[in-house]
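Swiss-Prot lists 4-114 with the feature domain 'MTTase N-terminal', giving sequence analysis as the kind of evidence. Feature annotation from Swiss-Prot assigns [4Fe-4S] cluster 1 binding site to C13, C49, C78. Taken from Swiss-Prot, the feature domain 'Radical SAM core' applies to 131-369. The feature [4Fe-4S] cluster 2 binding site is assigned by Swiss-Prot to C145, C149, C152, with sequence analysis given as support. The feature domain 'TRAM' is assigned by Swiss-Prot to 372-437, with sequence analysis given as support.
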Amino acid sequence: MSAPRVSFVSLGCPKALVDSERIITRLRAEGYEIARKHDGADLVVVNTCGFLDSARDESLNAIGSALSENGRVIVTGCLGAEPDVIREKHPNVLAITGPQAYESVMAAVHEAAPPSHDPYIDLLPPQGVKLTPRHYAYLKISEGCNNRCTFCIIPALRGDLVSRPAADVLREAEKLAKAGVKELLVISQDTSAYGIDIKYQTSMFGDREVRAKFLDLSEELGKLGIWVRMHYVYPYPHVADVIPLMAEGKILPYLDIPFQHASPQVLKNMRRPAHGEKTLERIRGWRDVCPDLAIRSTFIVGFPGETDEDFEMLLDWLDEAKIDRAGCFKYEPVKGARSNDLGLEQVPQDVKEARWHRFMQRQQKISATQLAKKVGKRLPVLIDEAHGTSAKGRTKYDAPEIDGSVHIQSRRPMRAGDIVTVKIERADAYDLYGSAV
């Protein structure tokens, strides 16, 4: 009897990608083959995103394509928390489960296409089959979020903060490092809140106890001898405790912090945990300790009630903060978000567009200035793609997918996963260019 074949679609953020990796691990362990195409597979699993309307549309379209090409579809992920929305457009899906519902997904798969042999779960590592390149991996340390930002529905989709025991996280990280992973990208909904829900409980890792706390976890990960990059860090005061580890080279001098805005009134309406002036003070303090710290962030323009004065305050804040990398989103109402019920005046779409363009132009100049400081330096670069003597990679200041790249020429062939020293010869607003030395 041939093994059942499952095609898989993974949409959304890195947290959802980790969920997909875990499901695929279970499928592989139970003897299922992962098909590259929907056509010819026994069924299709679609891991959806449901955060923004554009993401919901993408998910619904992906479900429709899978139904058209295969006809037997199981839906999971964040949009799965709204089964009525899915059934209304696609009534013929086989089953719908919400996010992180691994057992429910497997039960639906078993019913639709029974496994060809008994499962041997121990044959595969608990961290799962990786969907990223072999040289980097996402390390998810918690699920859910305790914050109640008015524009966000993640707590409704994924629940409150649930931190993993520190020893579990570290065992997974250690296995990844031993398997040849060169870079770990630490992710969650709120990385700096790690352990709060379990009162920083300790667990045994090897011969010692480790606390489930942001600082302690960072210290332990820093002992692995590979790149460790922190994502989704809220700007709490205790983030300052981790900066010395970056200055010492234990973890990468990089913080991904979603500041979202700078106007006190807009931040209050968003229910964000920081004030623009306070974050500027914190950024200055962090850079005093670690001068080469790179900061990436995301912002929202056109939030209900945002005035011209609020927006100008944001631009002024950008000039002061000198954020290295920044993404910007035009606010769009999300079904179920409390920002819909604040009674604030909606910002016209043309105003949102104009503000977005002004934001991006301002940030482009700042990014270009920051990158120009790298010209003439010799920097270690992790190769992501290689084509003989030309390659593309990243410095310790850039995360995959969301930041810039280093375009490299070399006299000798390079391979993905290599770390090479590159002399930076020029820069633009997004990327660096140089030669391997």
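In case you wondered, yes, glycine gets a Cβ from its N, Cα and C as well.
Taking each of the binding-site residues C13, C78, C145, C149 in turn and counting other Cβ atoms within 10 Å of its Cβ gives the largest count for C78. Same-chain residues that are not part of C145, C149, C152 yet have a Cβ within 8 Å of the Cβ center of the [4Fe-4S] cluster 2 site turn out to be N147, R148, F151, I153, I154, P155, Q189. For the domain 'TRAM' (372-437), the number of residues in each DSSP class (helix H, G, I; strand E, B; coil) is 1 helix, 33 strand, 32 coil. Across the fold, the C-alpha of C145 ([4Fe-4S] cluster 2 binding site) and the C-alpha of C13 ([4Fe-4S] cluster 1 binding site) stand 15 Å from each other.
In this structure the C-alpha atoms belonging to C49 ([4Fe-4S] cluster 1 binding site) and C152 ([4Fe-4S] cluster 2 binding site) are separated by 13 Å. Under DSSP, the residues of the domain 'MTTase N-terminal' (4-114) split into helix, strand and coil as follows: 55 helix, 22 strand, 34 coil. In this structure, the C-alpha atom of C149 ([4Fe-4S] cluster 2 binding site) lies 17 angstrom from that of C78 ([4Fe-4S] cluster 1 binding site).
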